[in-house]
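Novice: Just passing along the structure, written as structure tokens.
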There are 4 protein chains.
Amino acid sequence: MTLQEAKQQAREKMMPQCRMCKECDGVACRGEVPGMGGKGTGASFIRNVEALKNITLHLKTIHDVKDADLSFTLFGKTLSMPVMPAPVTGVNINMGNKMTEKDYIRGVVKGSEKVGILPMVGDSAFKSFLEDNLSVLQEENMAGIPFIKPWNQEELFARIDLAMASNPVALGVDIDSAGLDTLKIHGHRVDPKSLEELKAIKSYLTVPFIVKGIMTVEEAMLAVEAGADAIVVSNHGGRVLDHARATISVLPDIAKAVNGRVPVLADGGIRSGVDVFKFLALGADAVLIGRPFAQYAIGGGEEAVELYAKKIAQELKGAMLLTGIKDLQTLKEQGRSALHFEV
Amino acid sequence: MTLQEAKQQAREKMMPQCRMCKECDGVACRGEVPGMGGKGTGASFIRNVEALKNITLHLKTIHDVKDADLSFTLFGKTLSMPVMPAPVTGVNINMGNKMTEKDYIRGVVKGSEKVGILPMVGDSAFKSFLEDNLSVLQEENMAGIPFIKPWNQEELFARIDLAMASNPVALGVDIDSAGLDTLKIHGHRVDPKSLEELKAIKSYLTVPFIVKGIMTVEEAMLAVEAGADAIVVSNHGGRVLDHARATISVLPDIAKAVNGRVPVLADGGIRSGVDVFKFLALGADAVLIGRPFAQYAIGGGEEAVELYAKKIAQELKGAMLLTGIKDLQTLKEQGRSALHFEV
Amino acid sequence: MTLQEAKQQAREKMMPQCRMCKECDGVACRGEVPGMGGKGTGASFIRNVEALKNITLHLKTIHDVKDADLSFTLFGKTLSMPVMPAPVTGVNINMGNKMTEKDYIRGVVKGSEKVGILPMVGDSAFKSFLEDNLSVLQEENMAGIPFIKPWNQEELFARIDLAMASNPVALGVDIDSAGLDTLKIHGHRVDPKSLEELKAIKSYLTVPFIVKGIMTVEEAMLAVEAGADAIVVSNHGGRVLDHARATISVLPDIAKAVNGRVPVLADGGIRSGVDVFKFLALGADAVLIGRPFAQYAIGGGEEAVELYAKKIAQELKGAMLLTGIKDLQTLKEQGRSALHFEV
Amino acid sequence: MTLQEAKQQAREKMMPQCRMCKECDGVACRGEVPGMGGKGTGASFIRNVEALKNITLHLKTIHDVKDADLSFTLFGKTLSMPVMPAPVTGVNINMGNKMTEKDYIRGVVKGSEKVGILPMVGDSAFKSFLEDNLSVLQEENMAGIPFIKPWNQEELFARIDLAMASNPVALGVDIDSAGLDTLKIHGHRVDPKSLEELKAIKSYLTVPFIVKGIMTVEEAMLAVEAGADAIVVSNHGGRVLDHARATISVLPDIAKAVNGRVPVLADGGIRSGVDVFKFLALGADAVLIGRPFAQYAIGGGEEAVELYAKKIAQELKGAMLLTGIKDLQTLKEQGRSALHFEV
């Protein structure tokens, strides 16, 4: 199987919910929630992608770097690269409904395991999706990070209990889901969380706590104060608030403010290893990739997930090689000077 | 009925005068006056929409706000939200001529009443349009705000007399209509108004006086000096002067200069509750929405007007929730810091 | 006849050399010289139009101006408005070859006379075009301004002699034609002119001398030094040098430097009266309009030229009315503050 | 044969690998490597072209320059203009595979000879391509500059030996090829070069040494330190690193830093003589043109290469004439003030 073949199969399985465009930029699917698009005019999804394009790299070829080291450690686990599939659920409502949720997530999880990366799995209005996701982790005895929606505390704690049975590496709450209308469609309610509520969640947890949906310095500081073990800079792929800022635009200030106290993860419009390079150069310790991993899991399962992850690794290595950066620590320290913001 | 169905019916009833585009942005219909487009190249309509797009929101999810209060008071009337249908007339010349003016305006007025907002109704070269609009308000015993064109003072006063029979909440003059060529087509003449003429209108009126068509600080001050009880920042949807500035671009300075002496209303390219959020955050006390209310009234009457208004309310609430703003007063005070102007 | 009908007929007569696009912006015809397009990538033509779009007007409706006076005097002649058809020739090579050069120019000249404006007529590699143009002026006993190409001085003086027989109001040399490849196609040579050569032309002339093709302050000063009685800021409609600057971009500095010593005329992408307003507000005393007058002359002759000129006048008046500017002198003095340069 | 005919034949021979678009801008073919496109999203290729478009020229027509001298000397050879075909290889994998590599390169080489310019020929994963290229130079007894890929030093020196048999004017290494995935497809490895490795290459060579792929001031200085006799500012036509900066954007600083110590050559998106003018005005001593020469060699062989080169010369002369610049030395000294960077 090639990625091109997986892409073609994904198109057949997901049309019209996903057209598998030449460039996955949020334009054709704008406003399609449920589906793969961004909310409203789709501006937040589109802007994530567009903002990335305005950043360019200083190509360098006279130096001593002949290879680049991508190895990365998170919560004590050594991973092959600082890239993770983001938690994406809902084959039936968002991704064409041509396969079961469990088969889909199995592709994500097993493909991730093959290349040595850590998959995230998600929650949904249908509790069964979370259960499916967790059962795959258990059945396959795989490492993963479940994310729970910001339900009221009682429901949230109940779902945390459920998730703990999968022996997760960490647990996350994607508080940005507070704006996810598809959850409300099914009668559930999700809300922003106060500092006190986040502290209560942290107290309840026995594994590292990841807070996802941070878009301001102020909230990054609140998450750290609440005891988060990592944060994710994310606008939920543009699916919760139209006209939100692009994640790459807010990342540098947030990373600077966090200043290494906890790992800063980020997502938003990442399609290639060069995009990963930009996020890492601007302060992210690792990135999440959402739609592409989901699309390839639908189109080619475990094998396509593996192929896509390897492509990302090759592109990231290539970008490091052609900017003379030998490893992630150097990228963190010198990456900013490898970039140029075009007007 | 869904909004999607109403949109489809509107398309059938209005083609080719309105194509009911995926995004109502003034591009496809540019230059189509009469019709739904902007004047000349359509640049003023298009710019209203485009300028809004360059403003983004700071998404926030760590805070205590779990719900947002939209209630709003104007001229002593409590309304469900600070959103009003703008005065739009002329089914036969602008909107496909597939229904009567009275049936159209009945949808706007009754839909507005159902959701607790205050509709504006308009004037035209054909005096019968104004009469139709007013008679609907009377027959249905509904609250509304008629707008009269800037005719010579004698004709203007005669039409004010006519309008008073509908027991209006307030009366407006949309002086920006001075550039409306469709009025001249029918042999009438409308003109800019001097400060003295505005003062004379104010003296004549027994209800609050709204001056619509303010695009500079200088004129906002003149309107206040003339005794206006509210102003509307508007370029008449781009239908009176090609290449006018966008309303969202001039609003902040005008609101600052008016400084609360009278309510500042505004319109121009507003399609969603997030757009409303931006206008309120930049100084508007309330907004008018023109084409969308008209389109849904054509496509689905009262029911579609109600559905669209509810969608706007939900989106506005969502935007406030995801920026941590609990009510309109807070939005007025802190809204500016919730926004970012993208380059 | 309506302008819409004339447009349709023009399309039929000129296709494929001119598509009579909804907006005449140089995109569809880029690179088509001969034809109606701009040279090379068409960037200079396109940029003329695009640069104009970034300038907006401050709409004003509270003031005493109820009408605007467009009357204008040039070389002692009183004209109805400061707008002139630019010299455009070559029906057979540029405009579809469906009518004679004389019939074409007769429409331009007679339509201009009807509305009280002054037409310019042009020169070409085929001397017969100039002769045709001049003979129409003579036959119809019309006032006009012939423009001669920058041939070597001997040929130039011979053509000036020829032109004087038509009793011209003034004579111009469009030195920007030095880059016109279509002239070279027919074996002729045109060149830039030195200061001395321009002085010699001035000495030779017995009517006012207009130098066309000024795009820098330095050359405006040289033209004045050479004795020019008027200059035309022009990049020859983008037909002589790809990637030239837009005329509206260089006009303000040139007008400021000339400082009223001679009239500053200008052209480049003007399609509407609002465009004329922008040029006058930024320092032009009058403007030339090229392609549109030519297109309407082809499509509807004298009548269409008249209709188009009246449309321009109405739009210019409308723009002055809606910015509160009562006459051209006021526009000259206060126009700059009526404009905004969008980013 | 006309260029238009050659273009049509090139389209027939190269489809779908090259569509011979109206404007060769990297959009239609983005991501097509192998093929004619840029790597990944194609952003580097596209940006090369786009960045050039934002630079405009100050058109001048009042001066003494009636003709422009393009003659240029490199490594002691006098050439008709400072323009060279860039090294492009791989008819079978990149250009439609409808002719032999030798026939293709023969068109480039012989066409170049006819107009007095110096062709560059390339290297590839298939050593036979290099051999073909070199044998054409030998058979035709033509001057040329072979470029070798940055293989490991042993292989590189072996290929230099091979190339020396063609009696080259100079030899280059395009170190930017370190990112060329098509080389890796065939099992070879290319790498960035250290300062020491470049010094070793210089020591090994008996002809001038050209280092191609310089995109930063720092590396320009390293190349000079290594003994390079010329550098080429290039991002390899956008084929080695997605989202690299545009060459025209980095050229001015590099030229300033090199300060005449060695000739600065450059390529990237050059399609016309006006583009050449911009590169020379911003500090390049000469330019390389890649895709267009290759496309015309495919479409019309020697004759089309000659026609295209003459078109470039005519356009460059035209741009110099219409900016009042009489020769290349003047362009180098005053060119910057002939340009404007549009926002």
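Note: Cβ is positioned from N, Cα and C throughout, glycine not excepted.
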Novice: Can you find which of A:Lys202, A:Lys212, A:Lys317, A:Lys326 TrEMBL lists as binding FMN at the same site as A:Ser234, A:His236, A:Asp267, A:Gly268, A:Gly269, A:Ile270, A:Arg271, A:Gly290, A:Arg291?
Specialist: A:Lys212
Novice: For A:Gly290 (FMN binding site) and A:Arg239 (glyoxylate binding site), what Cα-Cα distance in Å is obtained after rounding to a whole number?
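Specialist: Just about 12 Å between their Cα atoms.
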Novice: A:Gly268, A:Gly290: which of these binding-site residues has the highest Cβ count within 10 Å of its own Cβ?
Specialist: A:Gly268
Novice: Within 10 Å of the Cβ of A:Ile270 (FMN binding site), how many other Cβ atoms can you find? Include all protein chains, please.
Specialist: 28
Novice: For the FMN binding site, please report the maximum Cα-Cα distance among A:Lys212, A:Ser234, A:His236, A:Asp267, A:Gly268, A:Gly269, A:Ile270, A:Arg271, A:Gly290, A:Arg291 in Å.
Specialist: 20
Novice: Can you give me the same-chain residues 6 or more apart in sequence from A:Lys212 (FMN binding site) with a CB-CB distance under 8 Å?
Specialist: A:Phe147, A:Gly172, A:Val173, A:Asp174, A:Ile175, A:Asp176, A:Ile231, A:Val232, A:Ser234, A:Leu265
Novice: Could you check the recorded positions A:His236, A:Arg239 and say which one's CB has the most other CB atoms within 10 Å?
Specialist: A:His236
Novice: For the recorded positions A:Lys212, A:His236, A:Arg239, A:Gly268, A:Gly290, which residues show a Cβ-Cβ distance under 8 Å to chain C?
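Specialist: Listed recorded positions meeting the cut-off: none at all.
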